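Chemist: One structure, pasted below without further comment.
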Amino acid sequence: MSISDALHRLTSDQGLPSADRLPRWLSPVPRWLENLGLRLVPAIIIINVLGTLFGFWYYGFHPIPQTDPLITWQFASEPVIMWPFVPDSPLATLFIALAFFTWWRGKTNEYLAALAFFGCWKLGLWTPYVLTVFADAFLSVTWTPLYLFLFISHLGMVIEAFVLHRIADFPIRAVGVALIWYGFNDIVDYLIPIVGDPHHTAIPVADTTTVGNSTALHLAAAGAITLTFIATFFALSTRIYKIKARS
């Protein structure tokens, strides 16, 4: 088999879920790239699991190095009861790893797919947003290659999110669960922490730091809440267009 034949097989849609006719703004990833991702889904799952493990380490779960406390950094500063709402990006990559895994095993879980879409869209853009808004502060405490890795890898999560329409239909009940989870996350992260201080991902400036006519907390919150609203709109729009395409 020639290289061109192999590439054609990897990027063709033969044997893969058909792609509903969605507008480009709901399906911006080239079809060949969607197909390639679905063909290589075991590797995509592994990459996301590794990203999840790194993410938990980044937030402060440190089984290695053994010279570190097991719980350090942001986890150490948060009440244990609020830990589920702290590692936002690692949970998003875990959701999408599980969503792709269930599809690969023969049955899509719509709830996991919706949670994965919301999470990878939202955190995939929110992280580059705060890395840009607070670039000077981040670069003063973050190794430049790590800064670039965080920026680029999170944008990759957005690409993954826009492949999920191939394996999921985004029923209203699943979108509702995702909205409740990420909406509540926004509440405890920025508005009403319930226990302790706001639980958003730590940024290297104080929440009360003035940035322009706003504060660091308000800027971070504006990005997160806006992206949650847009995720809801995108998911429900995908649902509507899928129904129209099949009617």
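Every residue gets a Cβ built from N, Cα and C, even glycine.
Got these off TrEMBL a minute ago, pasting:
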type	residues	note
TRANSMEM	40-61	transmembrane segment
TRANSMEM	81-104	transmembrane segment
TRANSMEM	111-134	transmembrane segment
TRANSMEM	146-164	transmembrane segment
TRANSMEM	176-196	transmembrane segment
TRANSMEM	216-236	transmembrane segment
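Mind running through what each feature is packed against?
Modeler: Sequence-distant neighbours of the transmembrane segment (40-61) (same chain, 6+ residues past either end, Cβ-Cβ under 8 Å): 10, 70-76, 86-87, 89-91, 93-94, 96-97, 100-101, 103-104, 153, 160, 201.
Beyond the ends of the transmembrane segment (81-104), by six or more residues, the same chain brings 41-42, 44-45, 48-49, 51-56, 58-59, 74-75, 112-113, 115-116, 118-120, 122-124, 127, 154, 157, 160-161, 164, 167-168, 184-185, 188-189, 193-196, 199, 201 to within a C-beta distance below 8 angstroms of the stretch.
Panel annotation: around the transmembrane segment (176-196), residues 78-79, 81-82, 85, 88, 111, 114-115, 117-119, 122, 217, 220-221, 224-225, 228, 231-232, 235 of the same chain, lying at least six beyond its termini, place a Cβ under 8 Å from a Cβ of the stretch.
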Chemist: Who are the chain neighbours of the transmembrane segment (146-164) in space, where the CB to CB distance is under 8 Å and they lie at least 6 residues beyond its ends?
Modeler: 26-29, 33-34, 37-38, 44, 48, 51, 89, 92-93, 96, 99, 113, 116-117, 119-121, 123-125, 127-128, 131, 138-139
Chemist: Please indicate, using numbers and ranges, the residues of the same chain that are 6 or more beyond the transmembrane segment (216-236) and have a C-beta under 8 Å from a C-beta there.
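Modeler: Residues 26, 114, 117-118, 121-122, 125-126, 129-130, 133-134, 170, 172, 175, 178-179, 182-183, 186, 189-191, 198, 200, 203, 205-209.
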